[in-house]
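K.L.:
Sharing a structure, written as structure tokens. Questions coming.
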Amino acid sequence: MTPSSSPVIGIIGGSGLYQIDGLTDVSWRQVSSPFGAPSDALCFGTLEGTPVVFLPRHGRGHRVPPSEINFRANIDALKRAGVTDVLSVSAVGSLREDLPPGTFVVVDQFIDRTFAREKSFFGTGCVAHVSVAKPVCRRLGDAVMDACGDVTIAARRGGTYLVMEGPQFSSLAESELYRAWGCSVIGMTNMPEAKLAREAELCYASVAMVTDFDSWHPGHDAVTVDQVVSVMHANSGKARALVKNVVPRLGGHAGPCVHGCQRALDHALITAPEARDPAMLAKLDAVAGRVLKR
Ligand SMILES: CSC[C@H]1O[C@H](OP(=O)(O)O)[C@H](O)[C@@H]1O
Ligand SMILES: Nc1ncnc2[nH]cnc12
């Protein structure tokens, strides 16, 4: 994949986004990855002329819990499917009074508190260090904000998403700690997804749909799945409208990402060429083929 390829939009659907409206020429296809099994087959289709690949993050029927999602296989499979831009959609709890349930937050920072997940495609035999100082693509975020405006969704630009391991919701003390850190929302899935998208040189943006006030809120002393699911149903119609509106905007984009997402590996590899492990390089053909082949 060269940085100037025409856009193919990947949508990773979280809790509440299990399908895309208006998709034509739909086919579900298994895409295998050297990193293991993705959460499900990938759904290929076209939305107003733009190719789209949809992946339900937890699999169809929400079978896979956050800690068992094979994030590497998901991102690698999307890259193999030709995806250039990934839009992630997630349910989150709110850590701020001014982000009530129903609000969509186009997050721009993460604090990664996960500890039981594979976080890199690279490792012994081929070491790389990419920057995630700015972990999301501003061009994608702009398009999402414009699309939210068109379909009158209450959206906030910017915010920090605290990624917890789960699957239990947070304790009151944890929730208050994350508030003291200035975080905006909390969820269990956007890391290492965003880090891996950066390693794979994919543009990535995340829309966090608030379903609840996390456990800190005086009116809600415990988060429950019932509560999350009922708001999630209300959010999911809006999420589908947003996706339908944003895809043609992203599809109209020409040329490589001006923010450099598609060149993230240019200065990241540190292992000397003669010290690289051929088996490792073979696994990295999709993710890092652009820089490994030169
Ligand atoms: C159903 S509530 C908890 C669940 O929802 C979020 O997942 P996603 O980001 O895929 O929408 C949260 O992170 C938890 O995995
Ligand atoms: N309060 C919360 N904590 C973690 N993940 C969530 N997903 C939705 N609500 C959440």
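Backbone N, Cα and C define each Cβ position, glycine as well.
In case it helps, TrEMBL gives these features for our protein:
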DOMAIN    9-247  domain 'Nucleoside phosphorylase'
BINDING   SER15, ARG57, HIS58, SER90, ALA91, THR189  phosphate binding site
SITE      SER170  site 'Important for substrate specificity'
BINDING   MET188, ASP212, PHE213, ASP214  substrate binding site
SITE      VAL225  site 'Important for substrate specificity'
K.L.:
Given the binding-site residues ARG57, HIS58, SER90, THR189, tell me which ones have a C-alpha lying within 10 Å of the C-alpha of ASP212 (substrate binding site).
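P.N.:
None, since no candidate lies within 10 Å.
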K.L.:
Among the recorded positions ARG57, HIS58, SER90, ALA91, VAL225, which ones place their C-alpha within 10 angstroms of the C-alpha of MET188 (substrate binding site)?
P.N.:
SER90, ALA91
K.L.:
Just to verify a number: CA distance, VAL225 (site 'Important for substrate specificity') to SER15 (phosphate binding site), in angstrom, no decimals.
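P.N.:
That separation, Cα to Cα, works out to 11 Å.
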K.L.:
Could you tell me the maximum Cα-Cα distance in Å between the residues recorded as binding phosphate, namely SER15, ARG57, HIS58, SER90, ALA91, THR189, rounded to a whole number?
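P.N.:
Those residues reach a largest Cα separation of 12 Å.
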K.L.:
Could you state the CA-to-CA distance between ASP214 (substrate binding site) and SER90 (phosphate binding site) to the nearest Å?
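P.N.:
ASP214 (substrate binding site) and SER90 (phosphate binding site) have their Cα atoms 15 Å apart.
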K.L.:
If you measure SER170 (site 'Important for substrate specificity') to ALA91 (phosphate binding site) at Cα, how many Å is it?
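P.N.:
Distance between the two Cα atoms comes out at 15 Å.
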K.L.:
Measuring Cα to Cα, tell me the gap between HIS58 (phosphate binding site) and PHE213 (substrate binding site) in whole angstrom.
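P.N.:
With the alpha carbons as reference points, the distance is 22 Å.
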K.L.:
Identify which of the following recorded positions, namely HIS58, SER90, ALA91, PHE213, VAL225, place a Cβ less than 6 Å away from any atom of ligand 2, and list them by sequence position.
P.N.:
ALA91
K.L.:
As a check: which entries in MET188, THR189, PHE213, the binding-site residues, place their Cβ less than 6 Å from an atom of ligand 1?
P.N.:
MET188, THR189
K.L.:
Neighbourhood of the phosphate site (SER15, ARG57, HIS58, SER90, ALA91, THR189): other residues with Cβ within 8 Å of the Cβ centroid, in order?
P.N.:
GLY13, GLY14, GLY16, PRO66, VAL89, GLY187, MET188
K.L.:
Counting only residues 6+ apart in the same chain, whose Cβ is under 8 Å from the Cβ of PHE213 (substrate binding site)?
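P.N.:
Looking at Cβ-Cβ distances below 8 Å from PHE213 (substrate binding site), excluding near sequence neighbours, one finds GLY93, SER94, GLU97, PRO100, PRO101, GLY219, HIS220.
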